[in-house]
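Taking it in order: structure first as structure tokens, then the write-up.
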Amino acid sequence: MNWLTYALITLVFWGLWGFILKISYKYLNWVEAYFFSVLASFTLALIIFTIFKIRDPNWRINSYIYIPLIAGLCGSLGGLFFNKALEKGEASLVIPLTALYPTITIILASIFLNERIGIHQIIGIFLAIIAIILISIE
């Protein structure tokens, strides 16, 4: 599969994730929903790690493990605040607003990784800013 196929699969699963979490708030508080959502993620990560560890028994942790740990912490904190926002707000507003996070990735990748921002990305960032304003107006 190419990157686009993986990205589209991600789109579907993340769309289901937000929708199902919102449903869970009818029966659980945000802390319970967050805990069990993270528990499911951790369980999947553990299974994947175990499968790949069995395939490569010579695998070792290297000194750069802190990078994905920081990324995981950022993702988990984002998930925590996402859960709180989803508990208090409407899914139809919270999810589109939080889905604009790639604008931050694009800007940071341009500054720190020297990735080129093309005209389409610039227009996309501009439209995302407009979307944030429009979504936040009540």
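Backbone N, Cα and C define each Cβ position, glycine as well.
Taken straight from TrEMBL:
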- 3-136: domain 'EamA' (DOMAIN)
- 6-25: transmembrane segment (TRANSMEM)
- 32-52: transmembrane segment (TRANSMEM)
- 64-82: transmembrane segment (TRANSMEM)
- 94-113: transmembrane segment (TRANSMEM)
- 119-137: transmembrane segment (TRANSMEM)
Distal contacts, the transmembrane segment (32-52) - CB-CB under 8 A, six or more residues away:
17, 21, 24-25, 59, 76, 79-80, 83, 87
Other parts of the chain folded back onto the transmembrane segment (119-137), taken as Cβ under 8 Å at six or more residues beyond its ends:
93, 96-97, 100, 103, 106-107
As a test of reading the model: what is the averaged pLDDT for the domain 'EamA' (3-136)?
89
